[in-house]
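Worksheet: one structure, shown below.
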Amino acid sequence: MLAILQDIQEKEHYISVDVMRSVACYLDVPESRVYSVATFYKALSLVPLGKNVIKMCNGTACHIRGSPEVMKAFEKELGIKNGETTEDGMFTLQTVNCLGACALAPVVTVNGRVFGKVRVKDVPCIIQEVREDETE
Amino acid sequence: MTELIEITIDGRKVAVEKGTKILSAAKELGIEIPTLCHHEALPPDGNCRLCQVEVVERGKRKLAVSCMYPVRGPMEVFTNTERVMDARRSVIRLHLNRCPQATILQDLAREYGVEPLDERFVAEHDDLCIRCGRCVRACAALGNNCLGFAGRGWDRTIIPPFDEPPVGCLGCAACAEVCPTGAIKVREEGNIREIWGREFRLVRCTSCGEYFATKEQLEKVDSCGVEVSEICPHCRKRDEAKRMKIS
């Protein structure tokens with residue numbers, strides 16, 4: 001079930017109620033079961049996410065190396081808070097607990113692409129880069 | 001024939017079938033172990049951790065959740081050592097922190113001498129649900145699997161799927177019946193029963209005229225291929241007793 005939900009998450013950027021109903025029907029399991037799984041995992045979102053998901057690592061190493069400041073810079077740049085999505089549906093900002101690349105702390109990933117040793121002044125460049133990729 | 005294993009609980013010997021849970025073995029001896037999430041009619045889930053006991057098995061001494069721990073070989077069990085009492089006290093304290101209003105927890109706290117929580121930590125909410133999952137198991141066993149856990153950690157809750165009034169709910173109220181803290185609210189007025197945000201029409205017993213079940217409940221029984229009688233359990237018992245007397 002998790003594999004199916006992950007695939008849907010990747011394609012649709014979120015898991016809708018209709019989707020959960022279909023999954024339950026397809027797997028012949030109760031809807032309550034699918035709902036439990038979908039709400040349990042942080043990797044699955046029940047609300048639509050933006051096209052580009054920015055994950056700011058807030059693990060111990062990243063935290064010490066200044067991830068809260070970088071996070072603030074992202075929030076300011078995009079005009080949204082942690083966990084929110086921009087109005088144009090372009091960006092979603094999230095914090096995660098560890099991306100497993102502490103040597104590159106503080107780490108940010110955008111759609112799985114890793115940016116290491118991010119400093120506050122790099123933030124506008126990262127967003128610019130993603131925007132440019134989008135227009136290409 | 002299944003293998004019988006002799007174990008000792010609080011110094012008393014009992015022979016039980018292999019795989020029996022410690023809790024049932026203790027019950028055979030009349031030794032009481034407090035429980036919250038355990039229900040005789042439902043599969044054990046080991047959620048509330050209140051039934052912890054100390055087990056000495058193969059030279060190791062450890063705490064075990066007695067409702068889930070199977071007897072696999074010779075063992076000695078202690079249900080009232082200081083370590084067990086400590087474990088239970090801390091479990092009660094944790095539950096009480098979540099549900100300070102639950103009378104069953106208040107009683108347990110008094111019985112076990114759990115110090116009242118520091119005012120600063122008493123949450124101001126009327127949450128009565130201890131997340132034991134009895135209702136979830138009851139709905140899986142008797143209803144249509146309409147309840148489940150959602151979320152995780154402190155934010156874990158028990159709600160119908162998608163937090164909407166459950167479509168498949170029979171209104172049987174088994175969930176409310178098994179809830180140890182009375183967290184699930186059922187409202188009954190005249191021939192209407194309201195639960196989980198849905199209203200159900202109640203059916204009268206053809207014998208005594210009391211409302212006793214919902215239409216959906218009887219339909220479910222019917223779909224299981226059992227003959228539906230619109231007689232309440234009370235009257236059915238009485239009729240059965242009469243029949244036995246005559247024969």
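Heads up, the Cβ atoms here are built off N, Cα and C, so glycines get one too.
Because TrEMBL annotations are produced automatically, they should be read as predictions rather than curated entries.
Taken verbatim from TrEMBL:
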DOMAIN    B:3-83  domain '2Fe-2S ferredoxin-type'
DOMAIN    B:119-152  domain '4Fe-4S ferredoxin-type'
DOMAIN    B:158-189  domain '4Fe-4S ferredoxin-type'
Mean of the pLDDT scores, which run from 0 to 100, over the domain '4Fe-4S ferredoxin-type' (B:158-189): 93
DSSP residue counts for the domain '2Fe-2S ferredoxin-type' (B:3-83), split into helix, strand and coil: 9 helix, 29 strand, 43 coil
Counts of helix, strand and coil residues, the domain '4Fe-4S ferredoxin-type' (B:119-152), according to DSSP: 12 helix, 3 strand, 19 coil
